[in-house]
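Record features, source Swiss-Prot:
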- 169-176, 194-198, 216-219, 283-286, 310-312: GTP binding site (BINDING)
- SER176, THR196: Mg(2+) binding site (BINDING)
- 4-162: domain 'Obg' (DOMAIN)
- 163-329: domain 'OBG-type G' (DOMAIN)
Amino acid sequence: MTKSNFVDYAKIHIRSGKGGKGSIHFRHEKYIPWGGSDGGNGGKGGDIILRGSRNYWTLLHLKHKYHIFADHGKAGEGKLRHGKDGQNKTIELPIGTAVFDGTTGKFITDIKYDKQEIVLLKGGRGGRGNNYFKSAVNQTPKHSQPGEPYEERQIVFQLKLLADVGLVGFPNTGKSTLLSIVSAAKPKIADYAFTTLEPNLGVVNVHNSYTFVMADIPGIVEGANEGKGLGLRFLRHIERNSLLLFMIPSDANDIANEYKILLNELACYNSELLNKQRILAISKSDMLDTKLEDVIKKELPTDIPHIFISSFTQKGITVLKDLLWEKLRFHDMKEIS
C-alpha cells in the first residue's frame, strides 16, 4: 500500500430515506357514483446499512464520498397501490473499521467480521392512505398520513488494521526490511528516517504449514502521543494487533531506554496496549560476536523475551518466526478458554 491508496479515515454525511405520503383517493368507477376511498399507503424510506467486506483493505473507496443518501419512499396512489419503497444504501467497510459520531466523537460500533451488517439509520415508515381510515360510519375519509421523516448524521470511519503482529520501533530500525524478508510484501526501504509513511501488511509463512499477518507501522518518535513525527494517526493500528514486536537496533546508544520510551508512547496513547504480548528483537546484529551479544544482554529489560536478528544475513529469522507463532497460538488458546 502506498501513500496514494492507503486511506484509513473518512467523514461522511449520511441520510436515510423519508417515508412516502399516504394517498387520498376515491373510487371513480362507472355505475359506482359514491365509491369509497382507495388511497394506498406510502413506501418505506431506504435504510443506511454498514456491511463488513474482506474485499476492502482500506477506506480508499470512500475517499471522495462526502454524502451518502438512501432513497425516499414513493407516495401511495389510488386503487390501493402501495408506494415504492426507497432503495437502501449499503456502505461496505474493511474488517477493523470503527464508526464514530462525526459531531460528538462518540463511538457507535465497529466492523468485526466479513458480511456483518448493521442498520445505522432506519428509513421512515410510509404514511397510511385514506383507505386505512375507512370505517362503517365513514366510507370516504378525506385524510391520510405523511411519511415519517428521515434520519441523518455525520459519521466518521476509522480503520484499525487487523494484524496478528505489529512492528513497533523508532524510524529506520529495520522494520520494513524484516517484513520484506519474512513475507512477500514489498515496502519502501531506504537509509533515512520515515521511509515508511503508510502501514504495510505481509503474510508470514511458518514451515509451509501456518501463516500469520504482520503489520509494519510507521516509526514512532518520542512525543508521538502529542502529535510529533507522524503523530497519533498510526498508533491506533497497533490496538488490534495480538502481539507487538519491538525492534531496536544493536547499535542504539541505550537499548533499555529506547524500549522504555516506546512503552511510554504506547501507554500515553492507550494504556491497554501494555497488556498485549511483547517480544524485543535486537535488529542489525549481524556484526555482533558472542561476547558483544553477552554484553548487550546484560543491558536488556528483563520483563520481555528478546532475540538477536539480522535481516541481511537472516540470523535468527527462523527462530523469530517460530517464537511469534508460539506466542500467537498461546494467545488464541487463552481466547478460546
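In case you wondered, yes, glycine gets a Cβ from its N, Cα and C as well.
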- Task: Let me know the most crowded of the binding-site residues, choosing from LYS175, LYS284 and counting other Cβ atoms within 10 Å.
- Result: LYS175
- Message: Just to be sure I understand: of GLY169, PRO218, LYS284, SER310, which binding-site residues have a C-alpha no more than 10 angstroms from the C-alpha of SER176 (Mg(2+) binding site)?
- Response: PRO218
- For the binding-site residues listed (ASN172, SER176, SER310), most other Cβ atoms within 10 Å of the Cβ sits at SER176
- Across every protein chain in view, the count of C-beta atoms other than its own within 10 A of the C-beta of GLY169 (GTP binding site) is 25
- Item | All-chain count of other Cβ atoms within 10 Å of PRO218 (GTP binding site) | 24
- Quick one: average pLDDT across the domain 'OBG-type G' (163-329), no decimals. 83
